[in-house]
Amino acid sequence: SQSSFEEESQKPPAVGHWKPLMPSKGSKEEAEAGRQDAGGVDERQASEQLSVSRLRSSSVEIREKGSEFLKEELHKAQKELKLKDKECERLSKVREQLEQELEELTASLFEEAHKMVREANTKQAASEKQLKEARGKIDMLQAEVTALKTLVITSTPSSPNRELHPQLQSPSKAGFRKGHGRNKSTSSAMGSAASQSGTPEPGSHEHKEVDSILFAEFQAWKESPTLDKSCSFLDRIYQEDIGPCLDFTKQELAELVRVAVEQNTLTMEPVASQPLPVLKVAAEESGGPKRCALSGLPRTCRHRIMLGDSGSYYYISPSCRARITAVCNFFTYIRYIQQGLVRQDVELMYWEVMRLRREMSLAKLGFYPSEM
(Lines of atoms letter the chains of each structure in order from A and count residues from 1; the text may use other names and numbers.)
(Lines give C-alpha, C1' and ligand atoms only; values in the text may rest on other atoms or scores of the structure.)
Protein backbone atom coordinates (compact mmCIF):
# COMPACT_ATOMS: atom_id res chain seq x y z
CA SER A 1 0.00 0.00 0.00
CA GLN A 2 2.80 2.27 0.70
CA SER A 3 4.47 1.51 -2.62
CA SER A 4 1.27 2.10 -4.47
CA PHE A 5 0.89 5.37 -2.61
CA GLU A 6 4.32 6.39 -3.67
CA GLU A 7 3.64 5.50 -7.22
CA GLU A 8 0.51 7.35 -7.30
CA SER A 9 2.13 10.32 -5.68
CA GLN A 10 4.75 10.28 -8.42
CA LYS A 11 2.12 10.35 -11.06
CA PRO A 12 1.07 13.79 -12.15
CA PRO A 13 -2.26 14.72 -10.73
CA ALA A 14 -5.17 14.91 -13.01
CA VAL A 15 -6.21 18.37 -13.74
CA GLY A 16 -9.65 19.30 -12.53
CA HIS A 17 -10.15 16.25 -10.40
CA TRP A 18 -9.89 16.11 -6.65
CA LYS A 19 -9.76 12.93 -4.83
CA PRO A 20 -9.95 13.02 -1.13
CA LEU A 21 -7.37 11.18 0.72
CA MET A 22 -8.39 8.92 3.51
CA PRO A 23 -6.23 9.17 6.52
CA SER A 24 -4.55 6.12 7.70
CA LYS A 25 -5.00 4.42 10.95
CA GLY A 26 -1.84 5.96 12.35
CA SER A 27 -2.83 9.40 11.30
CA LYS A 28 -6.20 8.93 12.98
CA GLU A 29 -4.55 8.05 16.23
CA GLU A 30 -2.21 10.96 15.99
CA ALA A 31 -5.11 13.24 15.24
CA GLU A 32 -7.01 11.89 18.11
CA ALA A 33 -3.90 12.21 20.31
CA GLY A 34 -3.49 15.75 19.01
CA ARG A 35 -7.08 16.48 19.76
CA GLN A 36 -6.70 14.98 23.19
CA ASP A 37 -3.58 17.03 23.79
CA ALA A 38 -5.32 20.12 22.50
CA GLY A 39 -8.36 19.36 24.64
CA GLY A 40 -6.13 18.89 27.74
CA VAL A 41 -4.43 22.11 27.04
CA ASP A 42 -7.76 23.80 26.59
CA GLU A 43 -9.06 22.25 29.76
CA ARG A 44 -5.98 23.37 31.66
CA GLN A 45 -6.23 26.80 30.22
CA ALA A 46 -9.91 26.91 31.01
CA SER A 47 -9.27 25.70 34.54
CA GLU A 48 -6.49 28.19 34.91
CA GLN A 49 -8.68 30.93 33.52
CA LEU A 50 -11.45 29.80 35.87
CA SER A 51 -9.10 29.83 38.83
CA VAL A 52 -7.80 33.23 37.78
CA SER A 53 -11.31 34.51 37.39
CA ARG A 54 -12.22 33.02 40.72
CA LEU A 55 -9.14 34.61 42.26
CA ARG A 56 -10.07 37.90 40.67
CA SER A 57 -13.63 37.65 41.87
CA SER A 58 -12.49 36.64 45.36
CA SER A 59 -9.96 39.47 45.42
CA VAL A 60 -12.68 41.87 44.30
CA GLU A 61 -14.96 40.56 47.03
CA ILE A 62 -12.14 40.76 49.56
CA ARG A 63 -11.37 44.29 48.39
CA GLU A 64 -14.98 45.31 48.62
CA LYS A 65 -15.39 43.71 52.02
CA GLY A 66 -12.12 45.29 53.15
CA SER A 67 -13.20 48.67 51.92
CA GLU A 68 -16.54 48.29 53.67
CA PHE A 69 -14.78 47.23 56.88
CA LEU A 70 -12.37 50.10 56.63
CA LYS A 71 -15.25 52.50 56.01
CA GLU A 72 -17.03 51.15 59.07
CA GLU A 73 -13.85 51.42 61.15
CA LEU A 74 -13.28 54.93 59.83
CA HIS A 75 -16.85 55.86 60.70
CA LYS A 76 -16.43 54.41 64.19
CA ALA A 77 -13.10 56.24 64.62
CA GLN A 78 -14.74 59.51 63.52
CA LYS A 79 -17.54 59.01 66.02
CA GLU A 80 -15.02 58.27 68.77
CA LEU A 81 -13.03 61.36 67.82
CA LYS A 82 -16.16 63.49 67.98
CA LEU A 83 -16.99 62.06 71.43
CA LYS A 84 -13.43 62.64 72.57
CA ASP A 85 -13.54 66.21 71.23
CA LYS A 86 -16.74 66.83 73.15
CA GLU A 87 -15.21 65.29 76.27
CA CYS A 88 -12.07 67.39 75.86
CA GLU A 89 -14.19 70.52 75.44
CA ARG A 90 -16.21 69.64 78.54
CA LEU A 91 -13.04 68.96 80.52
CA SER A 92 -11.51 72.24 79.37
CA LYS A 93 -14.63 74.11 80.50
CA VAL A 94 -14.48 72.31 83.85
CA ARG A 95 -10.80 73.22 84.17
CA GLU A 96 -11.47 76.87 83.35
CA GLN A 97 -14.31 76.93 85.89
CA LEU A 98 -12.10 75.33 88.54
CA GLU A 99 -9.29 77.79 87.82
CA GLN A 100 -11.72 80.71 88.09
CA GLU A 101 -13.14 79.37 91.36
CA LEU A 102 -9.61 78.84 92.66
CA GLU A 103 -8.66 82.41 91.77
CA GLU A 104 -11.80 83.77 93.43
CA LEU A 105 -11.19 81.62 96.51
CA THR A 106 -7.57 82.76 96.69
CA ALA A 107 -8.61 86.39 96.33
CA SER A 108 -11.28 86.03 99.01
CA LEU A 109 -8.82 84.30 101.34
CA PHE A 110 -6.27 87.09 100.86
CA GLU A 111 -8.97 89.72 101.38
CA GLU A 112 -10.16 87.96 104.53
CA ALA A 113 -6.59 87.69 105.78
CA HIS A 114 -5.99 91.41 105.16
CA LYS A 115 -9.29 92.21 106.86
CA MET A 116 -8.33 90.14 109.90
CA VAL A 117 -4.94 91.87 110.03
CA ARG A 118 -6.61 95.29 109.82
CA GLU A 119 -9.09 94.37 112.54
CA ALA A 120 -6.28 93.03 114.72
CA ASN A 121 -4.30 96.24 114.23
CA THR A 122 -7.38 98.33 114.99
CA LYS A 123 -8.12 96.32 118.13
CA GLN A 124 -4.51 96.58 119.19
CA ALA A 125 -4.51 100.35 118.68
CA ALA A 126 -7.81 100.63 120.60
CA SER A 127 -6.44 98.47 123.41
CA GLU A 128 -3.28 100.55 123.61
CA LYS A 129 -5.38 103.71 123.69
CA GLN A 130 -7.60 102.28 126.44
CA LEU A 131 -4.52 101.21 128.38
CA LYS A 132 -3.08 104.68 128.05
CA GLU A 133 -6.35 106.26 129.18
CA ALA A 134 -6.62 103.82 132.07
CA ARG A 135 -3.11 104.64 133.20
CA GLY A 136 -3.91 108.34 132.95
CA LYS A 137 -7.07 107.83 135.04
CA ILE A 138 -5.12 105.81 137.59
CA ASP A 139 -2.54 108.59 137.85
CA MET A 140 -5.33 111.14 138.17
CA LEU A 141 -7.09 109.15 140.90
CA GLN A 142 -3.85 108.63 142.77
CA ALA A 143 -3.16 112.35 142.62
CA GLU A 144 -6.64 113.14 143.90
CA VAL A 145 -6.34 110.57 146.70
CA THR A 146 -3.02 112.10 147.67
CA ALA A 147 -4.58 115.58 147.63
CA LEU A 148 -7.51 114.41 149.76
CA LYS A 149 -5.14 112.81 152.24
CA THR A 150 -3.19 116.05 152.42
CA LEU A 151 -6.38 118.02 153.00
CA VAL A 152 -7.48 115.64 155.74
CA ILE A 153 -4.10 115.70 157.46
CA THR A 154 -3.85 119.48 157.36
CA SER A 155 -7.36 119.97 158.73
CA THR A 156 -7.47 120.29 162.52
CA PRO A 157 -10.12 121.66 164.89
CA SER A 158 -7.98 124.67 165.66
CA SER A 159 -7.15 125.28 162.00
CA PRO A 160 -9.86 123.71 159.83
CA ASN A 161 -9.30 123.35 156.11
CA ARG A 162 -11.84 125.42 154.24
CA GLU A 163 -11.78 123.05 151.23
CA LEU A 164 -13.18 120.31 153.45
CA HIS A 165 -15.63 122.64 155.22
CA PRO A 166 -17.37 124.84 152.60
CA GLN A 167 -19.73 126.21 155.24
CA LEU A 168 -16.76 128.14 156.65
CA GLN A 169 -16.20 129.97 153.37
CA SER A 170 -17.66 133.36 152.67
CA PRO A 171 -21.03 133.42 150.86
CA SER A 172 -19.44 134.96 147.76
CA LYS A 173 -17.02 132.04 147.46
CA ALA A 174 -19.31 129.26 148.61
CA GLY A 175 -20.60 128.62 145.11
CA PHE A 176 -17.13 128.13 143.61
CA ARG A 177 -14.38 125.60 144.12
CA LYS A 178 -10.82 125.91 143.06
CA GLY A 179 -10.51 123.11 140.54
CA HIS A 180 -9.18 122.08 137.22
CA GLY A 181 -5.50 122.74 137.57
CA ARG A 182 -3.08 120.55 135.65
CA ASN A 183 -3.43 116.99 134.45
CA LYS A 184 -6.25 116.62 131.93
CA SER A 185 -9.28 118.31 133.40
CA THR A 186 -8.91 117.06 136.97
CA SER A 187 -11.25 118.75 139.37
CA SER A 188 -12.39 118.83 142.94
CA ALA A 189 -15.78 117.35 142.12
CA MET A 190 -15.23 114.28 144.28
CA GLY A 191 -14.18 116.34 147.27
CA SER A 192 -17.11 118.64 146.82
CA ALA A 193 -19.41 115.63 146.41
CA ALA A 194 -18.25 114.32 149.75
CA SER A 195 -18.92 117.65 151.43
CA GLN A 196 -22.27 118.35 149.76
CA SER A 197 -25.55 116.78 150.87
CA GLY A 198 -29.13 116.80 149.80
CA THR A 199 -30.20 119.01 152.69
CA PRO A 200 -29.14 122.60 153.37
CA GLU A 201 -26.06 123.12 155.53
CA PRO A 202 -26.62 124.34 159.11
CA GLY A 203 -26.97 128.07 159.16
CA SER A 204 -27.77 128.25 155.45
CA HIS A 205 -30.98 129.94 154.33
CA GLU A 206 -31.05 128.19 150.94
CA HIS A 207 -34.02 125.91 150.23
CA LYS A 208 -34.13 123.10 147.67
CA GLU A 209 -36.91 121.33 145.86
CA VAL A 210 -36.44 118.40 143.49
CA ASP A 211 -37.71 118.95 139.96
CA SER A 212 -39.62 115.80 139.02
CA ILE A 213 -38.73 115.93 135.29
CA LEU A 214 -35.03 116.52 135.85
CA PHE A 215 -34.90 113.90 138.59
CA ALA A 216 -36.65 111.33 136.38
CA GLU A 217 -34.19 112.00 133.55
CA PHE A 218 -31.25 111.63 135.95
CA GLN A 219 -32.65 108.40 137.38
CA ALA A 220 -33.10 106.96 133.88
CA TRP A 221 -29.53 107.91 133.02
CA LYS A 222 -28.23 106.47 136.30
CA GLU A 223 -29.65 103.05 135.42
CA SER A 224 -27.24 102.81 132.48
CA PRO A 225 -24.81 105.75 132.65
CA THR A 226 -23.27 106.78 129.35
CA LEU A 227 -21.51 109.78 127.86
CA ASP A 228 -23.64 109.69 124.73
CA LYS A 229 -25.22 113.09 124.31
CA SER A 230 -28.29 111.60 122.61
CA CYS A 231 -29.87 110.60 125.95
CA SER A 232 -32.41 113.05 127.34
CA PHE A 233 -30.40 113.80 130.51
CA LEU A 234 -27.20 114.88 128.72
CA ASP A 235 -29.05 116.38 125.78
CA ARG A 236 -30.80 118.86 128.08
CA ILE A 237 -27.52 119.75 129.84
CA TYR A 238 -25.72 120.20 126.51
CA GLN A 239 -28.40 122.58 125.28
CA GLU A 240 -28.92 124.53 128.52
CA ASP A 241 -25.45 124.58 130.12
CA ILE A 242 -22.49 123.04 128.25
CA GLY A 243 -23.21 124.58 124.85
CA PRO A 244 -23.70 128.17 126.11
CA CYS A 245 -20.83 127.83 128.60
CA LEU A 246 -18.32 126.85 125.88
CA ASP A 247 -19.63 129.31 123.30
CA PHE A 248 -16.74 131.71 122.69
CA THR A 249 -15.99 134.35 120.09
CA LYS A 250 -13.39 132.19 118.36
CA GLN A 251 -15.81 129.51 117.16
CA GLU A 252 -13.23 127.16 115.63
CA LEU A 253 -11.05 127.08 118.74
CA ALA A 254 -14.16 126.80 120.95
CA GLU A 255 -15.22 123.65 119.07
CA LEU A 256 -11.75 122.13 119.59
CA VAL A 257 -11.95 122.95 123.30
CA ARG A 258 -15.37 121.29 123.57
CA VAL A 259 -14.10 118.11 121.89
CA ALA A 260 -11.01 118.04 124.13
CA VAL A 261 -13.16 118.43 127.25
CA GLU A 262 -15.47 115.62 126.12
CA GLN A 263 -12.51 113.32 125.37
CA ASN A 264 -10.71 114.30 128.59
CA THR A 265 -7.60 115.43 126.71
CA LEU A 266 -7.46 119.09 127.76
CA THR A 267 -4.55 120.29 129.89
CA MET A 268 -4.57 123.57 131.83
CA GLU A 269 -1.61 125.07 133.66
CA PRO A 270 -0.61 128.39 135.15
CA VAL A 271 1.57 130.58 132.97
CA ALA A 272 3.93 131.42 135.82
CA SER A 273 4.86 127.74 136.28
CA GLN A 274 6.29 127.57 132.74
CA PRO A 275 8.66 130.52 132.26
CA LEU A 276 9.41 130.63 128.54
CA PRO A 277 11.17 133.27 126.46
CA VAL A 278 8.86 135.91 125.12
CA LEU A 279 9.81 135.29 121.48
CA LYS A 280 9.25 131.55 121.72
CA VAL A 281 5.91 132.05 123.44
CA ALA A 282 4.77 134.43 120.75
CA ALA A 283 5.82 132.00 118.02
CA GLU A 284 4.28 128.83 119.44
CA GLU A 285 1.17 129.94 121.32
CA SER A 286 -2.06 131.65 120.39
CA GLY A 287 -3.07 134.71 122.29
CA GLY A 288 -0.67 135.99 124.87
CA PRO A 289 -0.33 137.12 128.48
CA LYS A 290 -2.33 140.23 127.55
CA ARG A 291 -4.88 138.76 125.07
CA CYS A 292 -7.31 135.83 125.44
CA ALA A 293 -7.21 133.26 122.62
CA LEU A 294 -10.90 132.33 123.06
CA SER A 295 -12.54 135.74 123.43
CA GLY A 296 -9.96 137.73 121.46
CA LEU A 297 -10.20 140.51 124.04
CA PRO A 298 -7.24 142.14 125.78
CA ARG A 299 -7.19 140.47 129.16
CA THR A 300 -4.56 139.47 131.68
CA CYS A 301 -4.13 135.73 131.12
CA ARG A 302 -2.66 133.76 133.99
CA HIS A 303 -3.41 130.31 132.54
CA ARG A 304 -3.04 128.51 129.25
CA ILE A 305 -4.47 125.30 127.79
CA MET A 306 -3.21 122.56 125.49
CA LEU A 307 -5.56 120.40 123.42
CA GLY A 308 -4.43 116.77 123.46
CA ASP A 309 -0.80 116.17 122.54
CA SER A 310 -0.64 118.87 119.89
CA GLY A 311 2.05 120.86 121.74
CA SER A 312 0.24 124.14 120.94
CA TYR A 313 -0.75 126.34 123.88
CA TYR A 314 -3.51 128.94 124.08
CA TYR A 315 -3.67 131.73 126.65
CA ILE A 316 -7.07 132.17 128.30
CA SER A 317 -8.57 134.83 130.53
CA PRO A 318 -9.87 134.10 134.06
CA SER A 319 -13.49 134.21 132.84
CA CYS A 320 -12.81 131.64 130.09
CA ARG A 321 -10.87 129.52 132.55
CA ALA A 322 -13.86 129.55 134.96
CA ARG A 323 -16.21 128.45 132.19
CA ILE A 324 -13.94 125.62 131.02
CA THR A 325 -13.30 124.52 134.60
CA ALA A 326 -17.03 124.36 135.38
CA VAL A 327 -17.66 122.11 132.38
CA CYS A 328 -14.64 119.94 133.24
CA ASN A 329 -15.91 119.53 136.80
CA PHE A 330 -19.27 118.35 135.50
CA PHE A 331 -17.72 115.81 133.10
CA THR A 332 -15.36 114.54 135.80
CA TYR A 333 -18.24 113.87 138.18
CA ILE A 334 -20.44 112.04 135.68
CA ARG A 335 -17.41 109.98 134.60
CA TYR A 336 -16.93 108.97 138.24
CA ILE A 337 -20.61 107.93 138.37
CA GLN A 338 -20.23 105.96 135.14
CA GLN A 339 -17.16 104.16 136.50
CA GLY A 340 -18.93 103.31 139.75
CA LEU A 341 -16.64 105.42 141.95
CA VAL A 342 -19.45 107.45 143.52
CA ARG A 343 -21.35 105.47 146.13
CA GLN A 344 -24.08 107.80 147.37
CA ASP A 345 -27.82 107.97 147.38
CA VAL A 346 -29.39 108.87 144.03
CA GLU A 347 -30.82 112.09 145.43
CA LEU A 348 -27.43 113.22 146.75
CA MET A 349 -25.85 112.56 143.35
CA TYR A 350 -28.71 114.48 141.71
CA TRP A 351 -28.10 117.53 143.90
CA GLU A 352 -24.36 117.41 143.16
CA VAL A 353 -25.18 117.42 139.44
CA MET A 354 -27.49 120.40 139.99
CA ARG A 355 -24.72 122.21 141.87
CA LEU A 356 -22.32 121.62 138.99
CA ARG A 357 -24.96 122.88 136.56
CA ARG A 358 -25.33 126.00 138.66
CA GLU A 359 -21.57 126.58 138.46
CA MET A 360 -21.76 126.35 134.66
CA SER A 361 -24.69 128.79 134.60
CA LEU A 362 -22.85 131.31 136.77
CA ALA A 363 -19.64 130.93 134.74
CA LYS A 364 -21.38 131.50 131.41
CA LEU A 365 -22.96 134.66 132.87
CA GLY A 366 -19.47 135.97 133.75
CA PHE A 367 -19.32 135.23 137.50
CA TYR A 368 -16.10 133.66 138.72
CA PRO A 369 -14.16 133.71 142.03
CA SER A 370 -11.33 136.14 142.55
CA GLU A 371 -8.69 133.37 142.74
CA MET A 372 -9.28 132.58 139.08
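Quick reminder: no glycine exception, Cβ is built from N, Cα and C everywhere.
Here is what TrEMBL says about this protein:
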{"type": "REGION", "residues": "1-59", "note": "region 'Disordered'"}
{"type": "COMPBIAS", "residues": "26-46", "note": "compositional bias 'Basic and acidic residues'"}
{"type": "COMPBIAS", "residues": "50-59", "note": "compositional bias 'Low complexity'"}
{"type": "DOMAIN", "residues": "56-150", "note": "domain 'GDP/GTP exchange factor Sec2 N-terminal'"}
{"type": "COILED", "residues": "67-151", "note": "coiled coil"}
{"type": "REGION", "residues": "156-208", "note": "region 'Disordered'"}
{"type": "COMPBIAS", "residues": "156-172", "note": "compositional bias 'Polar residues'"}
{"type": "COMPBIAS", "residues": "185-199", "note": "compositional bias 'Low complexity'"}
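Sorting the compositional bias 'Low complexity' (50-59) by DSSP state (H, G, I as helix; E, B as strand; all else coil) yields 10 helix, 0 strand, 0 coil. Across all of the domain 'GDP/GTP exchange factor Sec2 N-terminal' (56-150), the predicted model scores a mean pLDDT of 88.
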